[in-house]
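Engineer: Below are the features I grabbed from TrEMBL:
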{"type": "SIGNAL", "residues": "1-23", "note": "signal peptide"}
{"type": "TRANSMEM", "residues": "39-58", "note": "transmembrane segment"}
{"type": "TRANSMEM", "residues": "65-87", "note": "transmembrane segment"}
{"type": "DOMAIN", "residues": "71-177", "note": "domain 'Prepilin type IV endopeptidase peptidase'"}
{"type": "TRANSMEM", "residues": "93-112", "note": "transmembrane segment"}
{"type": "TRANSMEM", "residues": "124-143", "note": "transmembrane segment"}
{"type": "TRANSMEM", "residues": "163-189", "note": "transmembrane segment"}
{"type": "TRANSMEM", "residues": "201-225", "note": "transmembrane segment"}
Amino acid sequence: MLTVSLAALGCALAGAAVGPALAATAARLPGVAAGGRRTVVVCVLTAVAFGGVAVGLVPDPVRRYGLPAFLVLAAAGVLLCVIDADLRRLPDAITLPAYPLVAALLAVASAIDGGPGWAELARAAIGAVAAAGLYLLLCLAPGSQLGFGDVKLAGLLGLALGWLSLPTLAVGVVLGFGYGGGYALVLLASRRAGLRTRIPFGPAMLAGALTAVLAGDWLAAGYLAF
């Protein structure tokens, strides 16, 4: 338990240290908020994301090998959250380079002696295709509010969550829609958005993924046992 706590604390501090660089990167895009308050928000988000990933992975003697890949995903995710919240888009310049980097780190984790093994890497590929395919179908549906940026992010999240387990992937996808739908309902109820208002969905997808990393298997088992 002490090891998990120290790992979570170390990752959270690392996230807080990376936060200013992420905030500065996002602020280079026209329309993205900048300043001290935004930097603090990004630092907090990154610390929570890094710490949460550590809590979810380090206790497992196999999954812990995937920590570097998930930290990279967390950093990219925070950056995408900030940009999507301000600009309503998920830039390819962030999402696409994350694919080979996360995949390579997962491959290294799978190759380590005592690590998960190659079956997990194959499952990761299946997860990426399945998640991206689902979002693509929804994106192409008439009246859909999803964009192709969401489709690409879904594939990236499917890659990582599929590497953990298919139940974890399923929980992440379902919670992403749940968080996004709940946020939309709050905006509608408070009259801060209308039925045609474009709502950023990336943050909800990433929140669902983080929750799945923390408790995906437990939530899936609880649902099946209900």
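Using the three backbone atoms N, Cα and C, a Cβ is placed for every residue, glycine included.
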Engineer: With a Cβ cut-off under 8 Å, give me the same-chain residues at least six positions beyond the ends of the transmembrane segment (201-225) that come close to it.
Structural biologist: 49, 52-53, 55-57, 70, 73-74, 77-78, 80-81, 84-85, 90, 145-146, 149-150, 153-154, 157, 160-161, 164-165, 167-180, 183
Engineer: For the transmembrane segment (124-143), what are the same-chain contacts with Cβ under 8 Å, counting residues 6+ beyond its ends?
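Structural biologist: Contacts of the transmembrane segment (124-143) (Cβ under 8 Å, skipping residues fewer than 6 from its ends): 103, 106, 150-152, 154-163, 166, 169, 173.
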Engineer: In the domain 'Prepilin type IV endopeptidase peptidase' (71-177), how many residues does DSSP put in helix, strand and coil?
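Structural biologist: Secondary-structure composition of the domain 'Prepilin type IV endopeptidase peptidase' (71-177): 89 helix, 0 strand, 18 coil.
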